[in-house]
């Protein structure tokens, strides 16, 4: 940029850029970078930086303080943008960009370690190593990382993941099965060297290799002891080329191995001539035949009679799987085939897949449908970026008697709880259910926050402390007591149910605070005995509980439930098992 432009005052630069809408002009000189603080930025800054390969700008933002810099704190660069581009960069193996985005605050564990799984899937060893060094879970999503790396033949990634503890037998030998299916001999050899059982599932590994014409893999597996049953696995090449149509129809009708036809579109029409007993959508899903799925979409678009074989219940099952994995391409195809669009959005909210939600919103989906279920589900599962996005579109967080904050509190999602409160959620709704259910689940920080915002811990006869006691959450109990809760409420419900459920430390604490263990005819010792909690029983006896209350109820029910150690102890203390 020449001196003429450099000498322009800031206000002229702002006018030029706001008029031209060319925000990337600011990236051309670090001295102009601060102008972002004075502008209304609508573009995705990270997208612009990556598009023009301005990695030095990312480095500069990091030097400004990374997550603490004004450009992050003022939401000029959003968390959603950082996370979205982090995932895409992991998929593409853009190592430097990945490290910079993490330094700026991207969540490297977002969506159940999406970054690691897709870096491994695409063979990006540098990104994989970096993410592992940051502490991702290599076993996330049922060891998807090693499964996908094996499936796609990325030996170096497979070796590295194994060195870090990945399960080579994940999902019933999925890694070697998919490596064999796709002809990745080196990966197969490596997995065999580690002791994978190549004969598992009735020699399925060698059968797959044979079926897909990977003869080198077949020869190797046979040399290692695998047994190939050629009558069970027909070679796709020879069978399709040599057999006449009428024989193929007979074979498939007899074996119900519809995969023999699904591997080649030129034979797909034969399916309409076959008496299919196998669920075709389930088969496509289980075997990851996405190209066949797309062909089904085409057949449906022309009203092909074969579409009568599609079972809608199976479409929804496949939809659940795809939404969990965040695979938008498959989801689109399933919707076109008749799967529920609403279910797809709710599953995306449940699993935190913001891109999927954005897509359906762009297609006109009403995020307020079903009493604002979308924002409730996202809140329940702690997906803060999804919650923010839905609220920005007008989702009603108070719908359904404030279910959003109740479920977020119950599941311990403090960040979501705070955001919902900032947006006007009513923490007192439904008799202070939020604090009651946070107490029940033991989420101390959520309880403290709700109390700081005015939640009533004594609602519903001090239900918060009784639920915390019932479930053994000692620290929550202590905190609630410090805030003035009545541990004797409900005829000493707290100590009775803590005893009933075997929470010894809670029982001890409650008694130290004045709880009455003899309440309700010595309920505490009776039910501790009935449920076999010996240490609780001993402690209560030492505190003078009456073990003979209600006609020796304690020992009789301990005996009935076969808690013989409790029976022996109670008898030693004077209980009578068969009172006259």
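Glycine residues also receive a Cβ, built from the backbone N, Cα and C atoms like all the rest.
Under the heading repeat 'ANK 1', Swiss-Prot lists 81-110. The repeat 'ANK 3' feature in Swiss-Prot is assigned to 141-170. Annotation source Swiss-Prot lists repeat 'ANK 4' at 172-200. Taken from Swiss-Prot, the feature repeat 'ANK 5' covers 202-230. What Swiss-Prot records for 314-339 is repeat 'ANK 6'. Swiss-Prot lists 340-369 with the feature repeat 'ANK 7'. Here Swiss-Prot flags 370-399 as repeat 'ANK 8'. Annotation source Swiss-Prot lists repeat 'ANK 9' at 400-429. The annotation repeat 'ANK 10' is assigned in Swiss-Prot to 431-459. Here Swiss-Prot flags 490-519 as repeat 'ANK 12'. If you look up Swiss-Prot, you'll see 521-549 marked as repeat 'ANK 13'. Annotated repeat 'ANK 14' per Swiss-Prot: 551-579, in sequence order.
Distant neighbours of the repeat 'ANK 10' (431-459): 402, 405-406, 409-414, 417-418, 421, 465, 467-468, 470-473, 475-476, 479-480, 483-486, 489; these residues of the same chain sit at least 6 beyond its ends, with a Cβ under 8 Å from one of its Cβ atoms.
Highlighted: of the candidate stretches 202-230, 314-339, 340-369, 490-519, 521-549, 340-369 has the greatest count of Cβ pairs under 8 Å to the repeat 'ANK 1' (81-110). Residues of the same chain lying 6 or more positions beyond the ends of the repeat 'ANK 12' (490-519) and with a Cβ under 8 Å from any Cβ of it are 461-462, 465-466, 469-474, 477-478, 481, 525, 527-528, 530-533, 535-536, 539-540, 543-546. Packing against the repeat 'ANK 4' (172-200) from elsewhere in the chain are residues 146-147, 149-155, 158-159, 162, 206, 208-209, 211-212, 214, 216-217, 220-221, 224-227: each is 6 or more residues past its ends and has a CB under 8 Å from a CB in it. For the repeat 'ANK 5' (202-230), same-chain residues at least 6 beyond its ends with a Cβ under 8 Å from one of its own Cβ atoms are 173, 176-177, 180-185, 188-189, 192, 236-237, 263.
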